[in-house]
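Inspection log for the structure reproduced underneath, given as structure tokens.
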Amino acid sequence: MEIYHLKSLTSKATYNNKKMSLRDLLPEGTFDEILEEAHLSPEDLNTDVKNDNEPVKVKCPTCGKEVIYDKSNPFRPFCSQRCRMAELGAWVSNKRFIKGTSLDQDEDGGDINNVEFRSCQDRD
């Protein structure tokens with residue numbers, strides 16, 4: 001029985017002591033189908049496998065400062081409690097939001113904040 005070791009989509013696998021890519025291991029055309037479904041081109045793939053010992057660095061969503069993203073950072077992905085709370089405040093004050101239909105309207109078009117509408121619904 002052959003054993004394949006796949007670390008990621010772009011990593012190399014070892015098969016009979018030969019390095020092979022995922023494209024080499026899949027039936028012909030399958031890899032291209034996966035890329036197409038994921039809306040990726042071969043150029044979009046990073047062929048360098050990240051060293052597992054190297055810390056992941058991300059930018060703080062609030063201030064843009066580069067921070068290490070791991071368990072040692074209790075505020076991850078933020079750099080500090082201040083940036084974390086600033087982001088929370090932006091969501092609470094509706095400066096940040098997810099686009100979509102308003103939750104103030106129900107499926108039938110009634111205003112759920114209208115006291116009369118809610119009391120009518122409670123009677124049903």
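Placed from the backbone N, Cα and C atoms, the Cβ positions cover glycine too.
Automatic, uncurated: that is what TrEMBL annotation is.
For CYS60, CYS63, CYS79, CYS83, the entry in TrEMBL reads Zn(2+) binding site.
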For CYS79 (Zn(2+) binding site), nearby residues of its own chain (Cβ under 8 Å, 6 or more apart in sequence):
CYS60, THR62, CYS63, LYS65, VAL67
If the Zn(2+) site is taken as the center of the Cβ atoms of CYS60, CYS63, CYS79, CYS83, which further residues of that chain fall within 8 Å of it by their Cβ?
PRO61, THR62, GLY64, LYS65, VAL67, PHE78, SER80, ARG82
Sequence-distant neighbours of CYS83 (Zn(2+) binding site) in its chain (C-beta under 8 A, six or more apart):
CYS60, PRO61, THR62, CYS63, LYS65, PHE75
Which residue, out of the binding-site residues CYS60, CYS63, shows the minimum number of other Cβ atoms inside 10 Å of its Cβ in this structure?
CYS63
